[in-house]
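What Swiss-Prot says about this protein:
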- HIS177: active site, proton acceptor (ACT_SITE)
- GLY7, ALA8, ALA9, GLY10, GLY11, ILE12, GLY13, ASP34, ASN94, ILE117, THR118, ASN119, MET227: NAD(+) binding site (BINDING)
- ARG81, ARG87, ASN119, ARG153: substrate binding site (BINDING)
Amino acid sequence: MKVAVIGAAGGIGQALALLLKNRLPAGSDLALYDIAPVTPGVAADLSHIPTPVSIKGYAGEDPTPALEGADVVLISAGVARKPGMDRADLFNVNAGIVKSLAERIAVVCPNACIGIITNPVNTTVPIAAEVLKKAGVYDKRKLFGVTTLDVIRSETFVAELKGQDPGEVRVPVIGGHSGVTILPLLSQVEGVEFSDEEIAALTKRIQNAGTEVVEAKAGGGSATLSMGQAACRFGLALVKALQGEEVIEYAYVEGNGEHASFFAQPVKLGKEGVEEILPYGELSDFEKAALDGMLETLNGDIQIGVDFVK
């Protein structure tokens with residue numbers, strides 16, 4: 001099993017690479033690519049960790065050697081948020097980066113499962129889809145926006161509020177991956193009751209958690225370490241699924257188009273990527289209103305991505 005991390009010299013990429021070096025199944029190959037010349041050094045550094053995962057690093061303009069033979073490609077390349085920026089401000093730089101990477105993937109490893117971390121995910125995933133469609137290699141079962149960070153934040157914040165073990169808390173999160181499009185389904189958390197005030201406050205905190213970190217880092221970056229953890233969880237889920245295990249995770253995928261052409265929802269993963277898009281259950285009145293209220297934003301984000309490629 002070969003996993004490629006694209007954008008591996010960045011804050012998310014290095015954290016993700018460290019976690020994968022420690023947690024990928026024995027015999028896996030880990031390829032790191034970044035435009036930054038430090039990347040082979042990041043691989044050399046990680047290669048000293050005594051785990052049965054081989055690692056190579058590649059730098060420069062061409063990601064081809066890292067992508068060759070990849071089963072899973074995790075893309076974290078791009079610029080990070082700074083205070084005062086929202087995820088839309090990232091679009092101007094990151095859209096072009098994702099487009100050119102998708103063009104290479106279409107040629108070099110068109111059958112790989114692709115997990116996109118680069119923000120704004122609501123828009124970068126449709127960009128990748130349009131590029132792959134143009135190349136005639138698009139398989140909607142194999143393209144994912146990684147929204148796992150919203151899930152792990154929700155689990156953490158609920159556990160903190162209710163004094164529970166975060167490893168035991170499960171919170172479904174649907175919609176998109178920025179601001180109001182992030183919708184934690186707190187009504188479905190088992191064994192926990194929330195007041196209306198708690199639901200409103202928790203939902204807002206989960207939606208704004210990225211900004212919380214950007215401001216706390218005071219210009220020194222965005223959420224890189226927790227995102228690395230989230231991306232590792234999702235990447236390992238893909239690896240397990242490709243090896244024949246049945247895994248359920250939440251991801252931003254092309255679904256049946258009920259609400260938007262791309263939507264974060266629970267998916268059953270298997271050897272071909274998405275095996276089945278699962279129902280997300282009954283929504284509370286608060287959640288229904290939040291869902292209705294976000295769709296214009298989410299559909300607008302998606303359209304920006306489609307238009308960018310056309």
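Yeah, the Cβs are placed from backbone N, Cα and C, and that goes for glycine too.
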Quick one: Cα separation, ARG81 (substrate binding site) versus GLY7 (NAD(+) binding site), in Å?
15
Test of understanding: give the count of other CB atoms lying within 10 angstroms of the CB of ARG81 (substrate binding site).
20
Expressed to the nearest Å, what is the distance separating GLY11 (NAD(+) binding site) and ARG153 (substrate binding site) at their Cα atoms?
18
ASN119 (substrate binding site) and HIS177 (active site, proton acceptor), Cα-Cα, nearest whole angstrom:
9
Counting every protein chain present, what is the number of Cβ atoms, excluding its own, within 10 Å of the Cβ of ASN119 (substrate binding site)?
27
Same-chain residues six or more away whose CB lies under 8 A from the CB of THR118 (NAD(+) binding site)?
GLY7, ILE75, SER76, ALA77, GLY78, ASN94, ILE97, VAL98, THR124
Taking the Cβ of HIS177 (active site, proton acceptor) as the centre, count every other Cβ atom within 10 Å, in any protein chain shown.
30
Once the chains shown are all counted, how many other Cβ atoms turn up within 10 Å of the Cβ of MET227 (NAD(+) binding site)?
25
Among the binding-site residues listed here (GLY7, GLY11, GLY13), identify the one with the smallest other-Cβ count within 10 Å.
GLY11
